[in-house]
Every structure is written in structure tokens, then in C-alpha cells.
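Asks: Quick one: the structure is below, and I'll ask about it shortly.
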């Protein structure tokens, strides 16, 4: 049975630190699509769990009582923008932990797919290409060497780039890659119909241009 391709969905996956969120946001802006950072959904989940001292089951039971808006990488809950709060390392770590739970992953999946079915969208995150948007017209796996991703992360944090710092960050990224690849639920993987883009020698703008070009090719028409 031939699957129905959705021409208004672009899915971008890749390892931690590959720049997929930055790229996805810019691609969406260029195309006039919505952008959704799916990782922010899990961070919002954990934020509510932490604030209310809830279990995962309690979160799922109560989440629809909140007025939540996910707009790109901005998250607003009951008219309060909590986006900056979600960047806290504790929230990030907790989000990664609860994302291993099948129940919360299934709940997030329903929210993500409902969002994607309402409007043209570019999404980035784990299992976007394999589970969340399996019929997306374009699936991209964005990658880069662990060392290059470490350098980018060090610069992003405004830290001094030296041998010790580079070694530390590279080791941490390699460990994260191993964990993500070998975990049982939603492991890091390249689906067979994804286009792999290695950004080691490419600027962000070049990666965005390449994805836009690939999208136009898939669409088969000129896209202004």
C-alpha cells in the first residue's frame, strides 16, 4: 500500500548539538511554515510535573485543563511565557528522563500529530522522521562530527575554547550519542527515506539553502 505523502510537512532529526532546531526554525521562516520544537513539549511536561509534584499519570489527566500554546520554541502556559524557564539544565535533564516513558511519549505524539495536521509545519526532534511525521514530503537527518558539535556548543555558551574544554564537551556528546542510539524507546536512527546532511563544512545558511532546495525538488514546482 502506497503511503500518502504530506507536502506541507518537513521533518528534521539528528543527534544532540547538530543544529537541527536552529535550522528548522529558519527553514520554516523561509517557507512561511509554522515551526514546532518537539523537545519543548517534553520540557513543558516536566515543568508541570515539577511545579505540581505530579506523577506522569497525573500530568496526562490534567494537561488539557491548562491553556497551552506552542509557537516555535516559545511555550506559553495560562498566558505565562515559560520559554526561558525551560532552558534550565534541571528541566532539560528531567525532560529527557520522562521522555523514556511510553505513556508520555504516546501522549506527546498525539499532540504533535494534531498540531502538524492543522497547518504547514517544520518539526525537529527525536523520532520525528520515523514516528511523528512518517509521511512528510522531506525528511532530513542533520549531523556533524562530535568534535564540531562540541566546538559549537562551547561557543554558544561563551566558554574558552581550549584542549581540555574541547575534550570534555566532545566526550559528553559522544556519551549522549551512545545513550540516544542504544535506548529502547525512540532511539536515534536514520530512516531509509531521510536525506543525510553533514554540516561539518557548512554554515547554517548553507544547510538551510540545501533543505529549501530539496523541498522544492520534492514538491516539483517553483516555490517563491
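Each Cβ is built from the backbone N, Cα and C atoms, and glycine gets one as well.
When I checked Swiss-Prot for this same protein, it listed these features:
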type: BINDING; residues: 14, 15, 16, 17, 18, 19, 20, 21, 22; note: ATP binding site
Asks: Using DSSP reduced to three states, classify residue 18 (ATP binding site) as helix, strand or coil.
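Replies: Coil, per DSSP.
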Asks: Which site among 18, 22 has the most other CB atoms no more than 10 Å from its CB, taking these as binding-site residues?
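Replies: That would be 18, with the highest Cβ count within 10 Å.
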Asks: List the residues in the vicinity of the ATP site, defined as same-chain residues other than 14, 15, 16, 17, 18, 19, 20, 21, 22 with C-beta within 8 angstroms of the site's C-beta centre.
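Replies: In sequence order, the nearby non-listed residues are 23, 124, 142, 144, 149.
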Asks: Hey, what's the Cβ neighbour count for residue 20 (ATP binding site) at 10 Å?
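Replies: Residue 20 (ATP binding site): 27 neighbouring Cβ atoms within 10 Å.
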